[in-house]
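Accompanying notes for the structure given below.
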Amino acid sequence: MFARSAFRAAQPLKSQARRYATESAPKGGSNALLYAAGAAAIGGAGYWYFGGSSAAPKIEAASPPKVAFAGGDQGFISLKLSEVENVNHNTKRFRFELPEGDMVSGLHIASAILTKYKGPNDEKATLRPYTPISDESDKGFIDLLVKKYPDGPMSTHLHNMEPGQRLDMKGPLPKYKWEENKHDHIALIAGGTGITPMYQLARAIFNNPNDKTKVTLVFGNVTEQDILLKKEFEHLENTYPQRFRAFYVLDKPPQSWPGPGGFITKDLLKTVLPEPKEENVKLFVCGPPGLMKAISGNKVSPKDQGELTGILKELGYKEDQVYKF
Ligand SMILES: Cc1cc2nc3c(=O)[nH]c(=O)nc-3n(C[C@H](O)[C@H](O)[C@H](O)COP(=O)(O)OP(=O)(O)OC[C@H]3O[C@@H](n4cnc5c(N)ncnc54)[C@H](O)[C@@H]3O)c2cc1C
């Protein structure tokens, strides 16, 4: 059971926002102003991965575990859907069984997998990447968190699937290779399901006691119900108040919402992000094309990050300080 009871009194955003880059945050986290409204909704829920009283490392056997996604010329493997959970009005969590119960996925942080589906009337197969939110050390399954788009072939197919059915997947699709303490401070700027690679990164960092990276999350959504993985991130805020902070922005906030409304703005990012001159900072951006365009410019292709434009460029960040998922 998780209850967010240890907030300190709210302070103006600007006076507190940059502080933890150099100072310890007071006990209990420092995002009360932005989060108090969401606290009540979270109290009764359990959580998947950050749950429990500490983020103790998982101990692996001496011999490396078998991996499901081997890459190379392995091609697609067919995985059975074992469980579906409704997360909100348009998003479900899907658990797929790996071919053998003692296999791990074989994905390293941060990577995705590629799904393939060809419907009976389709001329060609639909291929779409997804970022599993299960732990890399979980054995026997992977979890996908997928939002449904009304006319989207793959997300609609997934949302129509029943346990027992199968889906072809291939991987890993490596994205940004994380190593412990690779950066002193990272910022995760996400919109909607763009949160999944950010969650992978945050989970890897905070599940590793040797990793001391500071993490700032800025997460934009339309409504409060759209905020995915919120209880997992709230748990991080409470457990690591000196190293993890999150700022939620809602396009359509409820009246009681204490945080920012509208889109993620330059002013907000200037206030909460580590400054460009800070040593060894990295900003990760992932979200719908409109968000990418406004914040960092869109990625050209999986191998071409494209030019850095938008708010991050205006704020003085350099191309090598930004990674677009
Ligand atoms: C590396 C990578 C990892 C991804 N991981 C996830 C994940 O973990 N969970 C998840 O739900 N999705 C994820 N996506 C998005 C996913 O691959 C599909 O694009 C999405 O599910 C829509 O596919 P579709 O075939 O249903 O619809 P499409 O035919 O691809 O799109 C349907 C409509 O939705 C719009 N659209 C598509 N994607 C988005 C988006 N992200 N934001 C806003 N509008 C969009 C399209 O412009 C179109 O109008 C990821 C994408 C990439 C590149």
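Indices start at 1 and increase along the chain as displayed.
Cβ from N, Cα, C; glycine included.
Taken straight from TrEMBL:
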TRANSMEM  32-50  transmembrane segment
DOMAIN    74-179  domain 'FAD-binding FR-type'
BINDING   Arg128, Pro129, Tyr130, Leu145, Lys147, Met154, Ser155, Thr196  FAD binding site
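Recorded features from TrEMBL, shown on the structure.
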residue: Arg128; record: FAD binding site; DSSP (3 states): strand
residue: Leu145; record: FAD binding site; DSSP (3 states): strand
residue: Met154; record: FAD binding site; DSSP (3 states): helix
residue: Thr196; record: FAD binding site; DSSP (3 states): helix
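Residues within less than 8 Å, Cβ to Cβ, of Tyr130 (FAD binding site) and separated from it by at least 6 positions along the same chain comprise Ala112, Ile113, Thr115, Leu144, Val146, Thr196.
Sequence-distant neighbours of Ser155 (FAD binding site): residues of the same chain at least 6 apart with a C-beta under 8 Å from its C-beta are Arg128, Val146, Lys147, Lys148, Tyr149. For Lys147 (FAD binding site), the Cβ neighbour count at a 10 Å cut-off comes to 19, with all displayed protein chains included.
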